[in-house]
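The structure under discussion is supplied below as structure tokens; questions concerning it will follow.
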Amino acid sequence: MRRDARENRTDAAGHTSAAAREDGTDESERRVTARELIQACAFIVRAAWQADRRRLCGVVAVQLLTAVGMGVLVLVLRDTLGTAFSVGGKGRSAEDGLIASLCGLVVLASAGGVLRTVSSGWQRVLTVKVDRHIMAGVLRSAARSELALFEDPAFHDRLKRAVFASRSQPVVVVTALIGAVQALLSMAAVSAAFAVMAWWLLPFTALSVLPVLKAARDERNADYRLHGRLAEGRRVREYLEQLLAGQDAAKEIRALGLGDTLQDRWEGRYAEEIASTTDMQSRHTRRKAVARLLGDAVFVSVVAAMWWTVRSGGVQLPTALAATGALLMLATRVQMLGYVLNNIGASAAYMKDVRVFTADGTDTGGTRPDASSAFCHPSGFRQLRAEKLTFSYPGSAGPALREVSVELGAGEVIAVVGANGSGKSTLAKLLAGLYEPDGGRLLWDGRSVPRPAELRAASAVVFQDFVRFKMTVRDNIAFGRPGSPADPEAVAAAAADAGAGGVVAALPRGYETVLSKEFTGGADLSLGQWQRLALARAFYRDAPFVILDEPTASLDPQAEADLFRHIRRLFAGRTVLVISHRFSNVRAADRIYVMDSGRVTEHGSHEELMASDGTYARLFRLQADAYQERGDRRAREAPGGEAPRGETSGGAAAVATLP
Ligand SMILES: Nc1ncnc2c1ncn2[C@@H]1O[C@H](COP(=O)(O)OP(=O)(O)OP(=O)(O)O)[C@@H](O)[C@H]1O
């Protein structure tokens with residue numbers, strides 16, 4: 001498991017600077033090599049081929065035709081000028097020749113225009129398709145990445161850069177590549193025509209664009225380095241944007257009056273970004289201006305040399321005029337080529353981010369196909385045993401689990417209790433195959449579990465911080481078993497088991513109601529109602545191993561009591577691991593593990609643990625006493641001295657939490 005080494009250099013917002021990496025191997029500091037340029041082009045051409053080969057061929061064919069047309073145009077121009085200069089002396093046939101040449105010019109120009117129009121339409125569709133093709137690859141890789149990678153800031157930088165690149169760069173590279181093909185072909189055609197007239201000037205023409213090309217290359221390298229340095233700052237800024245403009249934090253930000261503070265931080269981040277960009281741009285704008293002047297001076301010298309040869313009688317005037325036109329065309333093409341190559345160069349670095357990110361399990365630090373959440377029909381186990389599991393979160397100072405051993409038999413209800421931060425959820429995540437242990441092993445019917453994906457497929461987890469999908473109720477439940485069409489009856493049964501049937505019935509469009517006010521006709525639920533849907537999702541998943549991490553934290557006392565009273569019936573035939581702070585909920589479990597500071601300190605049945613009179617017994621009595629006192633007080637305060645209904649029996653059967 002990869003651990004990110006970072007300095008603890010943090011800013012006022014509490015975020016570490018991306019430039020502060022210890023290892024000094026910041027990829028963004030590197031220059032784009034010719035090899036990377038070729039790889040980027042090959043990557044895009046492959047993507048374009050896979051996305052829409054018919055359009056790709058069409059666009060290239062049009063470029064080829066346009067280029068040939070351009071070469072012919074130059075030669076026709078020379079003939080037209082030659083005819084024009086001789087019209088006075090040669091009478092009607094010369095005039096006819098001039099008119100024919102002009103007609104030829106018009107036809108060529110018009111055909112070129114039509115072809116370009118058709119081609120630009122194809123180009124537009126092609127770029128959108130390439131865009132989708134590449135973005136799909138990035139999203140697929142992100143969804144398949146191991147959960148542990150999301151703890152690693154370097155992974156977020158890579159992901160962010162890949163998303164940025166796949167959003168913005170394919171269009172640039174496809175357009176630039178097509179432009180490059182066009183520029184190269186037309187350059188070849190015009191050069192051929194030019195060479196017929198003044199071949200010896202060709203090398204000087206190429207020379208005129210060199211300073212501009214070099215300045216552009218320096219700028220793109222600097223731009224990419226800057227982009228790398230700004231990556232983490234941009235993530236912080238985007239996070240602040242989500243807070244300020246999103247629904248999730250809206251009420252708390254208003255309640256706290258936090259808006260201006262967050263806005264100031266956002267302004268600060270943007271100011272840093274703008275200052276760095278302005279500094280880089282102004283330096284390179286100066287360099288580019290000087291390079292441009294140098295290039296133009298070379299170009300003017302070439303034109304002057306040509307006219308000197310006309311004066312000295314080495315070249316005819318019509319040829320010189322056509323050659324000057326061709327020279328202008330050539331210079332524009334070379335400049336265009338430089339411009340598009342520069343664009344490809346700039347994109348090459350970004351496209352490398354995409355290639356690296358989408359490459360399975362290589363440079364991404366472990367992106368692997370088996371990390372997919374795709375549901376496959378699981379087989380159950382007779383026994384799941386964890387032996388001396390040790391685990392530290394990436395970048396954490398100490399282990400969250402230390403030599404933890406637990407045992408779960410098929411059909412058992414196992415409970416884990418312990419103070420905040422004692423490692424309960426971490427243990428659950430390892431048992432569900434979401435993280436791989438650093439030490440120890442997981443045994444499934446006595447054999448080591450080779451692939452965490454097997455555990456994931458066999459598990460249904462209701463997390464403490466379950467996700468609330470802003471989609472329909474049906475989706476929220478049926479996502480428990482992705483990949484197959486939602487089964488309406490099973491969805492309804494899962495909702496009923498989770499006590500969500502009544503909630504759904506009260507919604508305007510039942511199971512088709514979208515659960516967010518951000519969308520037309522949407523509705524929202526209370527936290528407890530959302531929790532019932534999360535439970536329904538677990539029922540629907542129908543996996544042999546169910547993990548309930550504080551599944552009733554937001555449920556009302558009746559719903560909570562119902563769930564735990566009927567847990568064995570509801571999850572019949574399945575193994576259930578329950579994490580809870582309410583000891584009354586776990587007392588009926590087959591075995592209870594008590595955790596403290598990442599270790600299992602006690603285990604046994606409720607009776608055994610009470611008899612051993614350890615931490616469990618102490619905390620159980622604490623909760624029971626607190627309830628008893630409250631119950632007695634209420635009983636005394638209630639009219640007629642009676643205790644309120646539903647809160648008295650069972651000692652610790654109501655809401656009481658660990659201190
Ligand atoms: N994603 C994470 N990255 C780094 N450290 C983490 C992460 N999640 C938890 N920890 C740390 O690991 C330890 C165990 O956390 P865990 O969530 O397993 O505790 P818990 O017993 O479930 O706590 P609670 O009762 O509050 O839910 C804690 O010290 C916590 O700070």
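Each Cβ is built from the backbone N, Cα and C atoms, and glycine gets one as well.
Curation plays no part in TrEMBL annotations; they are all automatic predictions.
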Region 'Disordered' per TrEMBL sits at which of 350-380, 629-659?
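So the range that TrEMBL calls region 'Disordered' is 629-659.
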Could you tell me the mean pLDDT the prediction assigns to the domain 'ABC transporter' (384-622)?
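Value for the domain 'ABC transporter' (384-622), mean pLDDT as a whole number: 89.
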How about long-range neighbours of the transmembrane segment (170-191): same chain, 6 or more residues beyond its ends, C-beta under 8 Å?
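Here the qualifying positions are 40-41, 44-45, 47-48, 59-60, 63-64, 66-68, 70-72, 74, 123, 126-127, 130-131, 133-134, 202, 326, 329-330, 333-334, 336-337, 339-341, 343-344, 346-347, 351.
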